[in-house]
Amino acid sequence: MKKSLYIISDGELKRKDNTLYFETSEERKYIPVENTREILIFGEVSMNKRLLEFLTESEIIIHFFNYYGYYIGSFYPREHLNSGYMILKQAEHYLDTGKRLNLAEKFVSGAIENIKKVLIYYHNRGKELSEIISKIQEIATNIPDCSTTDELMAIEGNIRDYYYQSFDIILDNEHFIFETRTKRPPKNRINALISFANSLVYTTCLSEIYQTHLDPRIGYLHATNFRRFTLNLDVAEIFKPIIADRAIFSIVNKRIVKPQHFEKKLDGIVLNDKGKQILLQEMDERLRSTIQHKKLGRHVSYRQLIRLELYKIQKHLMEEEEYKPFVTGW
């Protein structure tokens, strides 16, 4: 299985013949191209056109993040799998209000079901979350009445507000208090973890879209515009609770991530390099971990689940099979 490469240090990414290496002031590390799926760059890294040409030939994506861990863009090799037919079907389902709303509703419903699964998981392990679960279930009953994607987004936002109230109960750690959701910049340690982990889920979904016939620029819950990819944001809603949030709960509850892994920057709090390494390792392990897939009858990784989700969306767009969002079984 191909791997993701994370570069946190400053240095230069270079091509040498048919391989890559990353060079810092202290060392040179060779990168096996045949085993690399994508490169995520968090440090100050220089490269040249010759390298980018080689990455295109090797079909390796580069995702760039700023110092604070926010996604800023990708080097996306030419769309070798893009299908004109699929782009037309994506556009058709976006331009038709009913078809777009149908898909958007499924993304929200999938996200909410997985949020509930996470809460039930911790409730069954001694965390008192019954009131929050009941409130989320109550709000979710309004989804079928939505007539616009804005209304759907409002409901999801309301549910996430209640969901975030569970974080302090689940974590029970005086060094990691949620308070309220803040971003750009995050105001505390938990928000710094959430923002960083969410960025990783967005880019993972983008990398997997690249391996399908879908175009990431056409989403349904998040409005398509000139500025950004949106389909990966839609799909990420389903997986953030079971990948990003579970990763955060794990490293905080196990005391793996600590206050010294954060630093103040301007008017916010960000992960330092060691903190980023800790969360990156946990996220990578979670994406590579497997579950038993009921329909396929075999174990698949969480990264593979994202790819399978995209294949289901393709079938829906081609009107071969109605899309049903993935809901975890634990």
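The first residue you see is number 1, and the count goes up from there.
From the backbone N, Cα and C atoms, a Cβ is placed for every residue, glycine too.
As recorded in Swiss-Prot, the features of this protein are as follows:
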- Glu156, His222, Glu237: Mn(2+) binding site (BINDING)
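The Cβ of Glu156 (Mn(2+) binding site) lies under 8 Å from the Cβ of Val108, Ala111, Ile112, Glu237, each of which sits 6+ residues away along the same chain. Neighbour list (His222 (Mn(2+) binding site), Cβ cut-off 8 Å, at least 6 residues apart, same chain): Thr230, Leu233, Asp234.
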